[in-house]
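Chemist: Look at TrEMBL and you will find 1-15 tagged as compositional bias 'Polar residues'. Summarising the annotation, TrEMBL assigns domain 'Histone-binding protein RBBP4-like N-terminal' to 33-102. Residues or ranges marked as region 'Disordered' by TrEMBL: 1-22. The repeat 'WD' annotation in TrEMBL covers 175-218, 273-315, 317-348, 377-410.
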Amino acid sequence: MAPSSSASRQSTQDPKSLDIKDKYQQNEKHINEEFKIWKKTSPMLYDLLYTYSTSWPSLTLQWTRDLKFTDDKKSVVANLLMGTHTTKNVANKLRLYSVTLPATLSPDVTSPVEVPNFEGHGNQFELSREWEHPGEINKARINHENGLIATQTNTGDVLIFDSKDDKSMTHKKTLKFHNKEGFGLEWNPIYKKNQLLSSNEDSKIALWDLDLEKDSKTLKPTRVFETHSSIVNDVSWNVKANDLFASVGDDKSLQVHDLRLPLANYKPVFQIDDAHQASINAVEFQPDLDYLLATASSDNLVHTWDLRNPTKPLRTLYGHASSVLNLKWNDNFLISGSVDRRVLVWDLAKITHGDFDHKEFEKKKSHYVDPCLAFMHGGHTGRISECDWHPILNHVVASCGEDGLLEVWKPRHILDVYEEDEDEEDAEMK
């Protein structure tokens, strides 16, 4: 009897493709099991956890500083800037979401307030504004002072939107220079300068001044930095020393630049050529300490650096199982998002507790963690696209991933853990 056509196809199918399919299914099963465990234990881990499934995944996320109390004063409405990452046949949008949160999260609320009761997931989120966007939105950043929004596209153009113009439906200005797609984008923290940095896969960094040629639909950069030998993944302004900014890229170098230096024979203030063992994906200056910054890499590590002694990392943070994509400071705390589907919260106040003990890790494996690791958020089933601390609300984080989930959360008692450690140390000394 001749074999059936389906049996014939199975017998001729490449064993490697079967192996890849089997590994994929096992991995998906593992991810789903982990997510179920996290969901079951989440009430014990968070003071706040809201989850919303967006219509399309977003590659970017940023809180705005806008806050508005509801009429009953029980809630506060915050805003999130995001984008869409659609298929070729669906137009992309730049989006602004409003998120309704308990008023007790605001530092302005000092007396007890009744916490509002939201009946189900998603009731807290509302799409409040959107703009047409040509092509993918790799990164979006808002100027908190004047409401201008800049976006990095997959064509190299940087687009400028005006969130204060209620009638605008698309971008107002195009910044033209880069010829490849980019992800690095940041407004000067002294917003009255209206300066913007962009970095790109063309290995270049562009400095833009939007106070120039205000009536023009296009703008060219005022200065270009060509000190990297490969893709420049991220840039970060120094908040205190505002003529300085840092850049990182696929060439594994960390560079700090000074705008006061002349263009002729320009070189970075300093450069660390092998700051990591793989591509560096993110850099972030600590807002309150002008000499402290952090870098994140595809070597799965986060380094903190003291610019007063930049010959080696001040502290290396161990905890991610795959490439680390983004970073954000909030006082002593640092969050990092990774391909491993995790957002980790690091407490740099614990840096005096000692370095990561590799020997202890080899002994205890999963039972040993970095002393600086304060919290692990496991609410995503895909790689983390971006995460951000709210600039005003206490320890509130937003994260989005390739799974299309937008999550707003606050870890439970991360400050209490540090206080308990201090109490234990005091008791031991007595």
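Just so you know, glycine gets a Cβ as well, placed from its N, Cα and C.
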Chemist: In the predicted model, what is the mean pLDDT computed over the domain 'Histone-binding protein RBBP4-like N-terminal' (33-102)?
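Modeler: So the average pLDDT across the domain 'Histone-binding protein RBBP4-like N-terminal' (33-102) works out to 94.
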Chemist: Against which stretches of its own chain does the repeat 'WD' (317-348) lie, if we need a Cβ under 8 Å and a gap of at least six residues from its ends?
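Modeler: Distant contacts of the repeat 'WD' (317-348): 31, 278, 281-288, 294-304, 356, 361, 369-370, 372-378, 380-389, 395, 397, 399, 401, 411, 414, 417-418.
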Chemist: Quickly jot the same-chain residues contacting the repeat 'WD' (273-315) by Cβ under 8 Å, restricted to those at least six beyond its ends, or write none.
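Modeler: For the repeat 'WD' (273-315), the sequence-distant neighbours (Cβ-Cβ under 8 Å, at least 6 residues beyond its ends) are 189, 231, 233-241, 244, 246-254, 256, 321-329, 331, 334, 336, 338, 340, 346, 348, 351, 355, 372.
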Chemist: With a Cβ cut-off under 8 Å, give me the same-chain residues at least six positions beyond the ends of the repeat 'WD' (175-218) that come close to it.
Modeler: 136, 138-146, 148, 150-160, 224-237, 239, 242, 245, 247, 249, 257, 259, 287
